[in-house]
Amino acid sequence: MSNRRQTRAQAQQFIDTLTPLQHPNSEKVYLTGSREDLRVGMRQILQSDTLVGGTEADPILESNPPLKVYDCAGPYSDPDAEINVRAGLNKFRQSWIEERADTEQLAGVSSGFTQQRLADDGLDHLRFDSLLPPRRAQSGKRVTQLHYARNGIITPEMEYIAIRENMEQAGITDPVLRQKAKGESFGASIEQVITPEFVRQEVARGRAIIPLNINHPEAEPMIIGRNFLVKVNANIGNSAVTSSIEEEVEKLVWSTRWGADTVMDLSTGRYIHETREWIIRNSPVPIGTVPIYQALEKVNGVAEDLSWEVFRDTLVEQAEQGVDYFTIHAGVLLRYVPMTAKRVTGIVSRGGSIMAKWCLSHHSENFLYEHFTEICELCAAYDVSLSLGDGMRPGSIADANDEAQFSELETLGELVKIAWEYDVQTIIEGPGHIPMNLIKENMDKQLALCDEAPFYTLGPQTTDIAPGYDHFTSGIGAAMIAWYGCAMLCYVTPKEHLGLPNKEDVKQGLIAYKIAAHAGDVAKGHPTAQIRDNALSKARFEFRWEDQYNLGLDPETARAYHDESLPQESAKVAHFCSMCGPKFCSMKISQEVRDYAASQEVELQSHASYQAKSASEIETGMAQMSAEFKAKGAELYHETAVVDEELADAEA
């Protein structure tokens, strides 16, 4: 069997046998909101107890609280969920949408292209069968979360998000877990507790979006904004060269397991429409697309043949399928194209290059820009959010922060204000390849030019020297820009610039970017971000190996690395690892020093008191303590009875 067929067969088997996947020692828990059908899922990591004293036969233990963490996997991490990829996920938001009474179910699909696909019997074997007719806004209505927020309405989606962002971590009172360094948020308004009203205010202001198409009721509400947890997007999708529907559905499920907050389907190969249907119906996270890719397929890959009519029909097609956000390259203007002529890498955005070619071939202004108000009207009818694409982003650090890039950014700032006039939720896409010293300028300009609309960046990649490791080179920039205020990071996999990522590449990219996003949250001073770090550090110091693995982003890899060199059962409770061994473990030595100091009643004196002593007094005291230590066998541990006897003698 060829590698391609084998990969597809494995993906098919994955789908056929798909059951909920849980991380070790974790359980799915739900917090209920103000109504019974508002149940917010999250992962709860159970911890073992800490040994604080006693004997081997009669130990004294201190419990460690379970830790709730953000979970993107929806039903795929719930052992009680019944998973049937052919039926799709539960449409749990359907009742919320219907009770607002501002949408209507259509008799059939509106897109001419979709009608053609449905009439083609040759596609029956590829179809997702369990389809409902699409919904759209009633005439004269706007059904976006931005519209509701501006009218003072707190939707169930907003309450859901508030519960999800807090993760009930305010209930953790352990001072060791609650401690955190003072953050630097660069002007962000980060609340100690996220309330539904705060969510509403941020959405109404345009500083955050809730990407939830009314035709994607399976999606769990989430929010993108710099005053919330930093989110991560994963890209999947087939190409003309490789991949299949089965593989893309597998990647979707896999992406949510490893923490993708949203997923973009960037398919450019055959059966784009059918692939997307399977993905949306089985996705618990918002799905984004770049509609120009499919529009180009419809004109056989000839950019010059694109038209507004073809593109508009594509928007309707995808909106009625349930796409939650569109990347639209409406800022690539004709007059900006010559600015890229002297670049090292020219225009590297696929969407940007397509529109640049169309503009030059017709010597006309970008039709996405010319028809932008119509795009907004369409999005407002389905609550499709806009992601204004950066078609002029730099493809090398040599081209960073140039005239073309920032000219487009100015235009995106103009477009976001137009979108807001139509109550369309909008985010701004950013670079790209940017050296570390130029990253903050990007964030500052975006906030100023785009009136604090959420920023969504691809990296940025900080150096161009490491093909095969661009999840590292870009993860560095991603962590920095997340700290400066970027709301969502688009992951980069090890295959960036080299090929279409497989499952393992998707995982590696997501882990790298979850690290970057979390590091940004910690640096900003997010009130609960450091709790997980502290819990893991405490487990590490106490040699609770299993807890150390399970509290991490990738328990399986951590456990495998440890057991690779110390596979014995005894090593799972040992107070050392193979890095330093039993005699040189800094944490073991530190614990022994603590125990010794406590057993000897060593008095910890202030620095000022220490300085007040003469050099000779200090030297004499140190020599005395050294002699006593050696006289007792130079052992850090002593039997309790011996210590008690010595203390009694000292008191006498």
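Placement of Cβ uses the backbone N, Cα and C atoms for every residue, glycine included.
Summarising the annotation, Swiss-Prot assigns substrate binding site to Asn235, Met264, Tyr293, His329, Ser349, Arg350, Gly351, Asp390, Gly391, Met392, Arg393, Glu429, Tyr456 and lists sequence analysis as the type of evidence. The DSSP secondary structure for Gly351 (substrate binding site) is helix.
Annotation source Swiss-Prot lists Zn(2+) binding site at His433, His497. For His433 (Zn(2+) binding site), the same-chain residues lying six or more positions away in sequence with a CB closer than 8 A to its CB are Thr345, Arg393, Pro394, Gly395, Ser396, Ile397, Asp399, Ala400, Gly459, Pro460, Gln461, Asp464.
Under the heading [4Fe-4S] cluster binding site, Swiss-Prot lists Cys577, Cys580, Cys585.
Geometry remark: Gly391 (substrate binding site) versus His497 (Zn(2+) binding site), CA distance 17 Å. DSSP assigns Asn235 (substrate binding site) to a strand segment in the three-state reduction. For the binding-site residues Gly351, Gly391, the ranking by surrounding Cβ atoms (within 10 Å, all protein chains) places Gly391 first. Binding residues for substrate (Asn235, Met264, Tyr293, His329, Ser349, Arg350, Gly351, Asp390, Gly391, Met392, Arg393, Glu429, Tyr456) extend across at most 20 Å, taking the greatest CA-CA distance.
Tyr456 (substrate binding site): 27 other CB atoms within 10 A of its CB, across all protein chains. Taking each Cβ in turn and tallying the other Cβ atoms within 10 Å, the top scorer among the binding-site residues Arg393, His497 is Arg393. Sequence-distant neighbours of Ser349 (substrate binding site) (same chain, six or more apart, CB under 8 Å from its CB) are His329, Gly389, Asp390, Gly391, Met392, Arg393, listed in sequence order. Each of the binding-site residues Asn235, Tyr293 was scored by how many other Cβ atoms lie within 10 Å of its Cβ, and the smallest score goes to Tyr293. For the pair Asn235 (substrate binding site) and His497 (Zn(2+) binding site), the C-alpha distance works out to 14 angstrom.
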